[in-house]
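Peer 1: This is the structure I want to talk about, given as structure tokens.
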Amino acid sequence: MAVRAPSSLFLTEAVGQNIVPSLARMLGGWTVAVILGVLLGVAIGRSRRFGDYVEPIVHFVRAIPPPALIPIFLILLGFGTEMRVSLITFAVIWPVLLNTIDGVRSVESLHLDTAKVFEFDRRKVFFGIVLPSAAPKIFAGMRVSLSVAIIIMVISEMVGLPDGIGNVILGAQRTYRMADMWAGILLLGILGYVLNALLALVETRITRWHRGAREGVS
Amino acid sequence: MTSLTTRIPRAPRRAGAGSSRRSAVVRGALGFLALFAVAEVISRSGIVKEAFLPPASVVLMRVGQLLVDPEFLGQVLATLEAWAIGLGICIVVSVTIGVLLGSSRAAYSGSRAVIEFLRPIPSVALIPVAMLVLGNDAEMKIALIVFSTSWPVLFNTIYGMHDVDPIAKLTAKSFGRGRLSTLLTVSLPSAAPFIFTGIRIAASVALIVAISAELLAGASDGLGRWMLDAGATGNRPDLVYAATIIAGLIGLAINFVLVLVERRFLSWQPALRQTDKGTA
Amino acid sequence: MSVTTTGTDLLTIEGLGHVYEGRQRHEAIGRLDFTVPEGAFVSIVGPSGCGKTTMLRCLSGLMKPTRGTVYLGGEPVTDVPRDLALVFQDYSRSLFPWRTVAGNIGFVLPRGLPKEERAERIRESLDAVGLSGAADKYPWQLSGGMQQRVAIARALAYRPKILLMDEPFASVDAQTRAELEDLMLDVRRRFDMTILFVTHDIDESVYLADRVLVLSKSPSTIVTTMEVDLPSPRDQVATRASEHFVQLRTEIAEMIRDQSTRRTASGAGAAAADTAP
């Protein structure tokens, strides 16, 4: 167990063994959360009745601190990837879900009236008005989710099978490889920063109208 | 975590608001009942083994038992104690620093680089560091909580201080108020809603961090530790599920109390007034 | 009359009334009976809060009235009819900010429309409102008056038989307002359209219309119907300065004033009668 230089953490086989699987799990869990969150959020936001049935459950379940689910997920899903991805999905779905409900419900009523006047069908109302109106809020939720995802990724890697960045950091601490430990922590900071910047870039492209309309000329 | 601070507007209810609110409560209860029934059936029918998913009725019974079990409650108390102390320190420290940085442009731009550098580091990544420095006792938990919750409070405070209407400050000045007096009577109250938003986020983050630390760092006590013991060591999934539900109840209770406090002290805030009108 | 009406009524309103139920019961519309002949420009003028918007929502089928029926081309209106378009007062909330000007107009055209015809209709309607150069702009990049032009162009491209307008120029400045008024007269001539125009501005109602309906305060009823036989084409300066115009607007203004004072007077009278032995 030699003391390695921190650079080796990034440049050696560690990249393939730890960083790539970590990122894959994080992005996988986040993607699933975004898809489920938007679908469920649209359903709750659009249907008063469905919302009435489901919303109280949503509010209860989201109040559970995600790490408290680790024991259950360990029991149900084992010690590997399934457990980690599910934990990430569970933890990060809430910002997307709640923002989607919010976005879908706060569609400008005059836009809906306009749609009625010009006889839009349901599909056109949904894809043409509801989704674009809710998009800025959905994106904001996705951004928050991504920053939470990186945290939960680390947590999920500190239990179960030994792989991933979180595990490397914990292992480095246990074996007193301080340089590796700090390198791992720094790496997480950089990852979080880069991912957030990337998503912000996509967001500004897709919802360019939103900022323009808010800063408006009129 | 931030999800705690999101307010969902209620869908518009038209005529007969009273009766439809009643039907919403009924539907909500039916939703829970359905969930309960499905969980019960899945477990009893053996679709999922009972060792993985105990029947919902058993879990609910365990919740009842745990809620009067002094030993379990002691563990919960240990978690909540760390939560409260951590959050308290965080509020005092972060609000003070935030007010100082927020009221002085020079101090803010001087410290900004450091803050921006530290911020993206996930607090849980520091669990190993904290273990190393502070061992696995309550101090470790509290230190982690303080570190991870400081950011939302600090940023919201700075932001709130920058958002204070300059005219309000000038008005105070024109009535002969000094710097300190202006700070206390104008700046702080108008930054309060922002600060409180930060505190709401911090409160839920603190609970997450406390339980994470107990689960991952092998803390000697706390709800997380208890769950780990019940699950991995004790092989009692029913207790694990029950404790998870109780964790959710704690989360709900914290959220509820914060909403009450916010309503009580910040009722003048336009956003709150609107939601009150909407739900009235 | 200067209008080319065919004499048949396009829009018929029979015994329309609306009451908002709820904690505070509010009778917005008392009873309305009137018709809008095909090809006519009818304006409805009334004090603010007289239930004009409620009325338009009922006429357009956005809202179901408590009493009465609206017929468009002989058919009772239950949902928003295909032959009807509505221009809202609040253009900034009615246009879709995530679509360009051309996108906003194209959006309301039926999906099956061939590409060329789609482009042609967008071009034609933008041309009619004098915004040919703004097709690729976003609504929020335009001034208020231009945004309302886009909303009008959108309604024109939809090719309705009747255009309802809900105080469309209430939130633009006076200069722009005059331009938009003339734009409406021009559009009406070009597209041979029937227009029902709601406003609180007496001068505007007279300047634009062939017929003015004067509404009372809510619960609203029609106080009077006035034919406007001013010559066409109308001119912002000459028409407004003409003796006849002044006479018409004065009559309407007096009517609205009397109507509101009479109501308070009769209220006071009733109170006095109650206390009388």
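Here the Cβ of each residue, glycine as well, is placed from N, Cα and C on the backbone.
For reference, TrEMBL lists these features for the protein:
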type	residues	note
DOMAIN	A:19-203	domain 'ABC transmembrane type-1'
TRANSMEM	A:27-45	transmembrane segment
TRANSMEM	A:57-79	transmembrane segment
TRANSMEM	A:85-104	transmembrane segment
TRANSMEM	A:125-155	transmembrane segment
TRANSMEM	A:181-202	transmembrane segment
Peer 1: Please work out which recorded stretch in A:27-45, A:57-79, A:85-104, A:125-155 has the most C-beta pairs separated by under 8 angstroms from the transmembrane segment (A:181-202)?
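Peer 2: Ranking A:27-45, A:57-79, A:85-104, A:125-155 by Cβ pairs under 8 Å to the transmembrane segment (A:181-202) puts A:125-155 first.
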Peer 1: Restricting to CB pairs under 8 Å, which listed stretch, A:57-79, A:85-104, A:125-155, is in contact most with the transmembrane segment (A:27-45)?
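Peer 2: Comparing A:57-79, A:85-104, A:125-155: A:85-104 has the most Cβ pairs near the transmembrane segment (A:27-45).
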Peer 1: Cβ under 8 Å, sequence separation of at least 6 from the ends of the transmembrane segment (A:125-155): give me the contacting residues as numbers and ranges.
Peer 2: 22, 25-27, 29-30, 33-34, 37-38, 41-42, 45-46, 66-67, 70, 84, 87-88, 91-100, 102-104, 106-108, 111-112, 115, 164-166, 169, 188, 191-192, 195-196, 199-200, 203, 206-207, 210
